[in-house]
Every structure is written in C-alpha cells, then in structure tokens.
Amino acid sequence: MASVVLKGTGQKMPLVGFGLWKVTRSSCADTVYNAIKHGYRLLDGAGDYGNEKEAGEGVARAIKDGLVKREELFITSKLWNTYHAREHVRTLAEYQLKLWGIDYFDLFLIHFPVSLKFVEVEHRYPPEWFGDDGKVYLQDTPIQETWEAMEALHAAGIAKNIGISNFSGALILDLMRYARVHPAVLQIEHHPYLTQEPLVKLAKELGIAITAYSSFGPQSFIEVNMDRDAKLLMDHHIVTQIASAHGKTPAQVLLRWATQRGIAVIPKSNNEQRLMQNLHCIDFNLSPEQIKEISALNHNLRFNDPGDIDVRLSIFA
Ligand SMILES: NC(=O)c1ccc[n+]([C@@H]2O[C@H](COP(=O)([O-])OP(=O)(O)OC[C@H]3O[C@@H](n4cnc5c(N)ncnc54)[C@H](OP(=O)(O)O)[C@@H]3O)[C@@H](O)[C@H]2O)c1
C-alpha cells in the first residue's frame with residue numbers, strides 16, 4: 001500500500017485512509033469492518049464524531065476474524081477543543097482509547113486551534129461547540145500548553161505520532177519555536193476549490209506530512225447545510241472530462257489529484273461500493289496538464305470555518 005513516511009518516527013502512514021465523520025453510528029462497526037476487509041488500513045476518527053466506540057468494535061471484529069493485526073492498522077484520533085488544558089489532554093486521550101478498545105493511537109491530532117470551556121464527559125460527550133444554553137464559551141488555554149501535553153502523550157507511548165489540524169502558517173511557525181516533538185502531520189481542508197498552496201509548501205518545507213480532508217469539496221457539507229450552494233466538484237465538467245478520459249470516476253480523479261502530489265486522503269462513505277471505489281484511486285496517473293487544470297478551479301472556497309459559528313472562532317481570518 002502506498003504510504004507517506006512520517007518524520008520523527010519513520011512510521012508509514014497510508015496514502016489513502018477511511019474518514020469517520022458522519023459515518024452512521026448504528027452501522028459504523030460494520031462499515032469499519034468492511035473498510036478493513038476491502039483493504040483500508042488507516043482509520044481517521046475523532047472524539048467529536050461520536051462513533052469511536054462503534055469504530056473500535058469494527059476494528060476488534062476484524063482483528064478477531066484474522067483480517068488484520070493491530071500493528072497493521074493506522075488509527076488516528078483527535079483531541080476536542082474542550083480538553084485543551086494540560087490536565088485534560090491525557091485523561092481524554094485515555095478515555096478515547098478505552099472507547100476504541102485499543103492501547104495506543106498511531107496519530108493523535110489537536111482537532112482545532114480553538115480552546116473551549118471544559119465539559120465533563122459524564123455531562124455530555126462529545127461536547128461539540130456549544131454550552132448547554134447554545135452559546136460558545138471560550139477558555140484561555142494557549143496552544144503551547146496543549147502541545148506540551150501532546151508531547152507527554154507521545155513520550156508515554158499513548159500516541160506514536162502527534163500532529164495538528166486546521167492550523168494556519170503563522171500558528172505552525174510559532175509552534176515550531178517551542179516544540180520539542182515536531183508535528184508529524186497537518187490535517188487540513190483541501191480540494192480543488194481550496195488548494196492552500198502556500199500552506200502545503202510550508203508544511204513540505206518543515207517536513208510535516210499533509211492529510212487532506214473533505215477532498216470532494218461541497219459534497220460532504222450538503223447534509224449539514226454547509227455547502228454554500230457551491231457547484232459539486234463531482235459534476236464539474238473539468239473533473240468529469242478527465243474522469244472519462246481515464247475510465248475512472250470523478251471521485252477517484254479528485255483523490256488522485258491530491259495523492260499524486262504527495263497529499264494523503266481520507267474519504268468517507270457510508271456506502272460499500274463507494275468506499276471500495278475510493279480506495280482504488282492510485283492505479284492511474286493524471287498528466288501534469290490535468291493536475292494544473294484541476295488546480296485552476298481554486299477560488300479559496302472553504303466550507304469548514306468555525307468563524308461561521310462565532311466570530312471569536314475566526315481561526316482562518
Ligand atoms: N480535521 C478536521 O477538522 C476534519 C473536518 C472534516 C473531515 N475530516 C476527516 O476527513 C474525512 C473526509 O472528509 P469528509 O467526510 O468531510 O468528506 P469527503 O470524504 O470529501 O466526502 C464525503 C461525501 O462524499 C460522498 N461520497 C463518498 N465517496 C463518494 C463517491 N465515490 N462518489 C460519490 N460520492 C461519494 C459521501 O456520501 P456517502 O457516504 O453516501 O457515500 C459523503 O457525502 C472525514 O470523514 C473525517 O475523518 C476532518
């Protein structure tokens with residue numbers, strides 16, 4: 001399986017993984033089991049997705065049935081915004097491991113560079129963005145404190161690799177000034193409408209691997225009413241023409257456009273056929289002209305912006 005070698009540990013991260021956001025909880029265990037059966041080795045979860053227990057059940061069944069060994073899987077999870085304080089990071093990572101039924105994460109990421117007021121897991125889990133009264137409550141925990149606690153997870157072997165998500169260039173450069181363990185991975189929204197070339201270049205220069213999320217652009221955001229009425233990338237004539245030229249689907253072309261430039265992808269699907277189709281996206285090559293044509297669709301259109309929830313969360317301003 002094609003992979004990216006992570007700086008620091010030298011561990012191989014599969015280039016194509018399976019994303020777990022909005023994977024239906026009731027069928028999540030079966031979906032994860034099927035994903036592993038069809039060849040996925042990377043699972044991208046998060047406390048916020050509310051399906052870690054079910055994902056872990058799928059993993060346990062796959063291991064029990066001999067489909068895979070734990071060490072052949074690459075399991076990613078993420079620290080939610082309400083647990084940024086030093087004293088909460090480890091507690092939560094251990095809580096999440098327990099949900100998954102595993103004893104280490106291959107990769108643990110800070111989900112957003114946003115610190116929200118602590119919420120006890122007994123009170124509400126996952127806590128999401130809002131307090132009980134529907135308002136957003138910030139907490140003054142600087143990223144340096146959270147990163148030091150992430151480094152402690154790494155030292156304890158709870159997370160083999162640690163990384164960041166939704167960080168901008170300025171924040172990454174600042175983090176690099178104090179980090180004793182550098183982030184192995186940066187996970188960002190990345191698709192032809194949001195190519196983020198300067199950020200991609202910076203991460204490459206710093207030796208931080210990039211994982212693209214929401215590779216299909218607006219597609220994922222329709223069901224949560226966040227698609228900004230954008231034209232679907234899968235229907236865009238540039239993408240469909242290139243797909244038919246290769247005898248591939250638009251989804252496969254969108255994934256290949258990223259992986260061919262060394263960017264890992266984690267497509268999500270609740271459908272077994274589409275899940276399989278997405279995994280088989282690296283057995284063809286786009287020409288440099290085709291890559292250029294797809295990249296030219298960029299117009300800095302971002303779908304996942306916490307600033308839309310509350311202006312005090314404008315991390316991309
Ligand atoms: N770090 C972060 O802040 C962050 C944010 C968002 C996402 N992520 C991660 O990235 C993963 C992927 O991103 P995403 O879930 O937003 O979106 P995505 O993978 O770009 O798109 C998923 C959408 O595309 C559809 N789809 C999947 N395969 C398809 C195919 N072959 N043909 C046509 N439609 C297809 C899915 O519907 P069906 O399910 O019906 O197939 C779903 O509506 C997430 O699951 C999560 O793990 C991380």
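Glycine is no exception: its Cβ is also placed from the backbone N, Cα and C atoms.
Look at TrEMBL and you will find 17-298 tagged as domain 'NADP-dependent oxidoreductase'.
Long-range Cβ contacts of Tyr49 (active site, proton donor) within its own chain (separation 6+, distance under 8 Å): Leu20, Trp21, Lys22, Val23, Pro126. In the three-state DSSP reading, Tyr49 (active site, proton donor) counts as helix. Residues or ranges marked as active site, proton donor by TrEMBL: Tyr49.
Residues or ranges marked as site 'Lowers pKa of active site Tyr' in TrEMBL: Lys78. Here Lys78 (site 'Lowers pKa of active site Tyr') comes close to Gly45, Ala46, Gly47, Asp48, Phe108, Leu109, Ile110, His111, Ser165: these same-chain residues lie at least six apart in sequence, with C-beta atoms under 8 angstroms from its C-beta.
Summarising the annotation, TrEMBL assigns substrate binding site to His111. The secondary structure of His111 (substrate binding site), as reduced to three states from DSSP, is coil rather than helix or strand.
Per-residue pLDDT, averaged over the domain 'NADP-dependent oxidoreductase' (17-298), rounds to 98.
All protein chains included, His111 (substrate binding site) registers 20 other Cβ atoms within 10 Å of its own Cβ.
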